[in-house]
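S.K.: Attaching a single structure in structure tokens format; questions to follow.
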Amino acid sequence: MISFAPFLSPEAIKHLQENERYSDQSQKRTAQQIEAIYTSGQNILVSASAGSGKTFVMVERILDKILRGVSIDRLFISTFTVKAATELRERIENKLYSQIAQTTDFQMKVYLTEQLQSLCQADIGTMDAFAQKVVSRYGYSIGISSQFRIMQDKAEQDVLKQEVFSKLFSEFMNQKEAPVFRALVKNFSGNCKDTSAFRELVYTCYSFSQSTENPKIWLQENFLSAAKTYQRLEDIPDHDIELLLLAMQDTANQLRDVTDMEDYGQLTKAGSRSAKYTKHLTIIEKLSDWVRDFKCLYGKAGLDRLIRDVTDLIPSGNDVTVSKVKYPVFKTLHQKLKQFRHLETILMYQKDCFPLLEQLQDFVLVFSEAYLAVKIQESAFEFSDIAHFAIKILEENTDIRQSYQQHYHEVMVDEYQDNNHMQERLLTLLSNGHNRFMVGDIKQSIYRFRQADPQIFNQKFRDYQKKPEQGKVILLKENFRSQSEVLNVSNAVFSHLMDESVGDVSYDEQHQLIAGSHAQTVPYLDRRAQLLLYNSDKDDGNAPSDSEGISFSEVTIVAKEIIKLHNDKGVPFEDITLLVSSRTRNDIISHTFNQYGIPIVTDGGQQNYLKSVEVMVMLDTLRTINNPRNDYALVALLRSPMFAFDEDDLARIALQKDNELDKDCLYDKIQRAVIGRGAHPELIHDTLLGKLNVFLKTLKSWRRYAKLGSLYDLIWKIFNDRFYFDFVASQAKAEQAQANLYALALRANQFEKSGYKGLYRFIKMIDKVLETQNDLADVEVAAPKQAVNLMTIHKSKGLQFPYVFILNCDKRFSMTDIHKSFILNRQHGIGIKYLADIKGLLGETTLNSVKVSMETLPYQLNKQELRLATLSEQMRLLYVAMTRAEKKVYFIGKASKSKSQDITDPKKLGKLLPLALREQLLTFQDWLLAIADIFSTEDLYFDVRFIEDSDLTQESVGRLQTPQLLNPDDLKDNRQSETIARALDMLEAVSQLNANYEAAIHLPTVRTPSQLKATYEPLLEPIGVDIIEKSSRSLSDFTLPHFSKKAKVEASHIGSALHQLMQVLPLSKPINQQTLLDALRGIDSNEEVKTALDLKKIESFFCDTSLGQFFQTYQKHLYREAPFAILKLDPISQEEYVLRGIIDAYFLFDDHIVLVDYKTDKYKQPIELKKRYQQQLELYAEALTQTYKLPVTKRYLVLMGGGKPEIVEV
């Protein structure tokens, strides 16, 4: 029986914190980390700043729970993504392996091994995955079959929605309240024939409701909340009046700052106050008085009077000019007044739209129920449906809910700031009320588009601080990722930018970043942050037509800095990352980097497969085969590299029109041109005629084949007939292009296997996907490791990079949502723009109607909240981007240097940029420049630098210095002549040709797996064929003379030494350098070979990888360097031979075998060696299975030829 240690008391935790503080460990845990790891028995909210080690804390807390007797399956651990869950599971697995290796207690070893085995069944995953488990198990309790599937295909969802919508639309158009419903549709679509805008409204309302904890209740009780509440001027929320008063006071303060300027001119030459100064003083005094005494002078009932008074008081313009510099003092106040000025008129008509909203509410409710009924009938659901089913199961079944609450010792949540209300409800139901552990950072909440609500985190933070009995807040402020240059600039920017009004959190001492180690505080002057702006004063039109995209000059600035980093400081490309706000409009980056020879890889995930050039060419080829009279597709095929017709050729063909026909397609003109019966046969010269004959002959053969063969075979026939697959291999991004073409054939094959046959149906399916603005995901290829990374800010979250470039800082934030005809809000419900008929108000008699689009009061309230929420999320996006950097951060943008000016005088301002200014500025660049202008007297830890065209010439940018790949001392490598190389190639070719006909004659009695492995390498290598040795006789060997003076250690000798070392290495001892050196003395190799072995890499394998720890944990089951022999049949000669070899290592268990093989080959990508040795490991597995009659369940390659050991499962 194991005696587990109890959980630590608060006193014991304090004692542990003291011990850690004075320990001599190189890496110490902070007091807050220790508190977060060991505190138990209450709800805990961990506010973990960027780089503070929150994942480390979670893993350590889980391990501590396990060591104190809490089984892993009694912990509920929620992660935001499947990838995060996998990484967390792997970290826990590694910790358990390490703990097993360190533990001497046998019973504890058994217990930890059981935890290791339970890890794969533990509840570590996304909320969606857990909800599926609940519904699969208990769905019967609410009438849901356990045999359901998830509708992940958006196209399938859209088809079902459209069917439901069309049916309901017809019903509502023929009901009793049809006139009101028609008015509703016209308000959004303009007429009842085009229902697309109204349909989009319904779909959006439905999707929004699905993110709430109970969609039906939200639609019934909250959907019309603001429409029912805000019907009079007195109903305006206090918060909105406060914003108006704040804008008035800000205006007074800014005006006072301007009047205090030295050049303002308060006095006339006679010494009296100037008229301008007197007027401005009156404005300042009255605005301040009205703000201070608002309740006494006006109150809510007099709000309209206040608006009139302020409008009459301030000038109609926005600016105050001092010394020819304009200061937009009144701009924000004018914007606020505009919101309130027409409220009386709006409120007069707003009541007319309420019946329309009731109709909309009814329609969305019925649509939701009907859509769900269809999905239940199909037994196919969306993720949100499954989550709501899980909530319903737990709410309606007390026994099920209590069983979960009793089962889970703790409910743990990672990335808590990105939860939505549906997920929060599910977590509440799983918890017993005092066992929640939540980790997150509100400053990194960037998933509002997924309905994530950072206020859930914020409310918990406030509640726990005010009422400690509800839970404990632990702040992890220390950053262990970034140097002080990054931390300082982050603190400087956000202390001036972020507060609860914009950003949802006050960036005070509680949230500022602190260096976690002394090494991070060592200053590096060359790592100071840079805001590099291309001066657009003389912009020569290098920017794309869409001004939101990044310009060529901006990318050139980035290329110049990267070349400087790489050449001058030796920074590897993989240490550099470019962050962008979206995946679109980034082609210019790849194009420019290719020009400068800078390797770059993107984060993937784009859906541009059907828009890639090579796929578009093939699709147009298939369209032409299907219908040659499709001129667009035919021209694309003719112009493609397969036939290479140029503009002159097409012009000559186009003139072969038949004058008797009104409509003449290009295909008919081609046929007439070939037989010389076109309108101008003299234009068809012999060369063109030959090309046309080849084209028609090829097209005819393809069309004939399309009727007989499969799509897959047709596509490969096209590749082979015109060598298109080979052609793209010579182009830029060849690997990606060939992968795309190969995937097209596979997708066509999959299409036919799904029951659909024929080229016509395949083309229709592709065209339908394109018509709906959808696409297929790009095919992933193994990206080069030594390359600059390009990814979105969202994708970068949770990652870290030495050097970070934040691109396109001048891109305006997307505000499209606040200009839609409707805006949804969780508390207020829906707000709409109402198309009111103001004919009566105007006294108009000649026109039937005068329609004006009015922003109703609920719409205005939702719009203001949405605007602030959008700006807040953009601010948090900037925080995430900046805190990815370890060493240095760059901001890249574009601005006019001549138009750059001071925004306001720095005197008398607080720590933050004025709220009005923060709302007004709509780019990262604007925020940074405003901070630099207003707080110029402070050290902001970043420099602003304008880049001119003269700085971006080819000479100024420079070029990459190519490293010397060969050792200059190795004269043999340098002086091997091309003649000898060609001779060797010829000999190899002769040998291969002979070998093709000598299989049976020279079949050896015995072969090795290494020999057989080479049979499969031709399938992996793009050029050349490598034939295995067929005979035991020695072949002629032309030995080259050794020009080098110094002997090299052969790679094969190093491989042999490694295998010997792994065979004799004692696994019962801790694996360290001393253990390895002791074992190394016992192997039979010369000193040069022993010295060449990388012992640190071997130590890293055993200490840092789960497979290495597996070796030590299960050493009793391990067999090393085991010989084998089996009988095999030669496929060519049909003769039997003996296959002999030695297996590096395998683990023999009662019911299965785990196979391991070490490789010291050099490689660029692990996938290369996986393909190369896959067949060899299959032979080993076959031998083991024949011997032990047990399956080989796992096969691993241990790759020692790279920078670090890598484990590849084959």
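Placement of Cβ uses the backbone N, Cα and C atoms for every residue, glycine included.
What Swiss-Prot lists as ATP binding site is A48, S49, A50, G51, S52, G53, K54, T55. Marked as domain 'UvrD-like helicase ATP-binding' by Swiss-Prot: 27-483. The domain 'UvrD-like helicase C-terminal' annotation in Swiss-Prot covers 512-798 and is backed by sequence analysis.
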S.K.: Can you count the other CB atoms that lie within 10 A of the CB of A50 (ATP binding site)?
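M.R.: Other Cβ atoms found within 10 Å: 24.
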S.K.: Same chain only, sequence gap of 6 or more: which residues have a CB within under 8 Å of the CB of G51 (ATP binding site)?
M.R.: N479, F480, R481, S482, L513, G516, Q800, T883
S.K.: Using all protein chains in view, find how many other C-beta atoms are within 10 Å of the C-beta of S49 (ATP binding site).
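M.R.: The answer is 25.
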S.K.: Among S52, T55, all listed as binding-site residues, which has the most CB atoms within 10 Å of its CB?
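M.R.: Neighbour-count leader: S52.
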S.K.: Setting A48, S49, A50, G51, S52, G53, K54, T55 aside, what same-chain residues sit with their Cβ within 8 Å of the center of the Cβ atoms that define the ATP site, listed in sequence order?
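M.R.: Counting only non-site residues, the set is D441, L476, N479, F480, R481.
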S.K.: Using DSSP reduced to three states, classify A50 (ATP binding site) as helix, strand or coil.
M.R.: coil
S.K.: Please work out the mean pLDDT for the residues of the domain 'UvrD-like helicase ATP-binding' (27-483).
M.R.: 92
S.K.: Are there any residues at least 6 positions away along the chain from A48 (ATP binding site) with a Cβ closer than 8 Å to its Cβ? List them or say none.
M.R.: K54, V57, V439, G440, D441, L476
S.K.: What is the total of other Cβ atoms whose distance to the Cβ of G53 (ATP binding site) is within 10 Å?
M.R.: 22
